[in-house]
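Listed features, source TrEMBL:
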- 4-110: domain 'Cytochrome c' (DOMAIN)
- CYS26, CYS29, HIS30: heme c 1 binding site (BINDING)
- 163-271: domain 'Cytochrome c' (DOMAIN)
- CYS176, CYS179, HIS180: heme c 2 binding site (BINDING)
Amino acid sequence: MSDAKVALGRKLFYDADLSIDGTMSCATCHEQRRGFTDSNRTRPGVHGDPGRRNIQTLANVGYFRALTWGDPGMKTLETQALIPIAGTKPVEMGFAGQEAVLTARLAGQTCYRRMFGEAFPEAGGEVSMVTVAKALAAFQRTLVSFDSPYDRRRRGEAVAVSAGAERGERLFKAGCASCHAGPLFTDADKARFHRIDAPFTGDQGLADVTGDAADAGRFRTPSLRNAALSAPYLHDGSAPTLETAIRRHRAAMRLGDRQVAELVAFLGTLTDEAFVTDSRFSLPKPGCGP
C-alpha cells in the first residue's frame, strides 16, 4: 500500500467524476465529519433510485471481513469499492455497463495519468476499474480510528468522563459487547450477522444472499466507533437517535431510561475528534498529489 496509491485513492474518493453525471463522489455519502457516514436514512442514487440501506462508517473498515449489511461474500475493499460505482441494486453512481466511460474520463486528465503512473508502475500506469478499486481500497485502509476518550483512558491517559458514562460502559460490557465486540466495537472482523428485532418484518437481510429463511432479518453488526456522529441508525436508518436504536434491541427491553442514557453517554466516549478532523483524510488540494 504505497503512498502514491493512497494519494490517488484519496483524490478519487472525493471526485464526483466517479458518478455518471458528475454529481456524486464517495464522500457524498461518507462524510468525514460524521465518521464517514451521512445523515440520511438512505441515500438516493444519481438517477433518483432510493437507497436500500443506511450508510455505514468507513472507520477501521480495513479490519472487517464483512463489508456490507447483508452479504458475507463481500470480503475485500477492492470488490466492494466498485459496487457503488457500477452496481445496479440500487443504482448509486450510475456506471453500470459504462465502465469504459469512467476510465476514459479519468485517463483523459493529465493529473490522473501522472498519479496512476506513480501508483501503478507495475501496470504501466493503466487506468482501469481494477486500478481504480485498488487505489480506493488503499485510501480506505488508512481510515483508522483509535484515539477517542475511551482509547486514551485505556492507554492510561488522564481523561475525564462522566460517572454515567462509566456506568454505561459496565452495562455495555454486560449486554452489548458480545456483538459490538473488541476494539472495533463490531464482530464484522469475524463476518457475523445478527437479528435484533422480534418479530421480524421487512428487509430480508442475509437471507437475500443465502436463501435461508432462518437468516431473514440478520445484518452485519455496525461498528459503534463515532456512533454519536452518525445518526440515523440501524440497517434502514429507522432509528433517529441512539436511544431509539438501543430500545430496538431485544436485550434492552428491560432497561430503564437512566440506563439507556448511561449507555448513550458511554457511546459518546467513542467519538474520535482527531479522526473526523484529520487533514490526511479530508478533501485534497486541487491538482496532483496529496
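Yeah, the Cβs are placed from backbone N, Cα and C, and that goes for glycine too.
Predicted automatically and left uncurated, TrEMBL annotations should be read as such.
For CYS179 (heme c 2 binding site), the Cβ neighbour count at a 10 Å cut-off comes to 20, with all displayed protein chains included.
Closest by Cα distance to HIS180 (heme c 2 binding site), from the binding-site residues CYS26, CYS29, HIS30, is HIS30.
Close to CYS176 (heme c 2 binding site) in the fold, though at least 6 residues off in sequence, lie HIS249, ALA251, LEU263, each with a CB less than 8 Å from its CB.
For the recorded site, HIS180 (heme c 2 binding site), the DSSP three-state label reads coil. The binding-site residues examined here are HIS30, HIS180; by Cβ neighbour count within 10 Å, the least packed of them is HIS180.
HIS30 (heme c 1 binding site) falls outside any helix or strand according to DSSP and counts as coil. Surrounding the centroid of the Cβ atoms of CYS176, CYS179, HIS180, where the record places heme c 2, the chain contributes additional residues within 8 Å, namely PHE172, GLY175, ALA177, SER178, ALA181, PHE185, THR186, ASP187, THR221, LEU224.
CYS179 (heme c 2 binding site) sits 25 Å from CYS29 (heme c 1 binding site), counting Cα to Cα.
Around the Cβ of CYS29 (heme c 1 binding site), the number of neighbouring Cβ atoms within 10 Å comes to 22.
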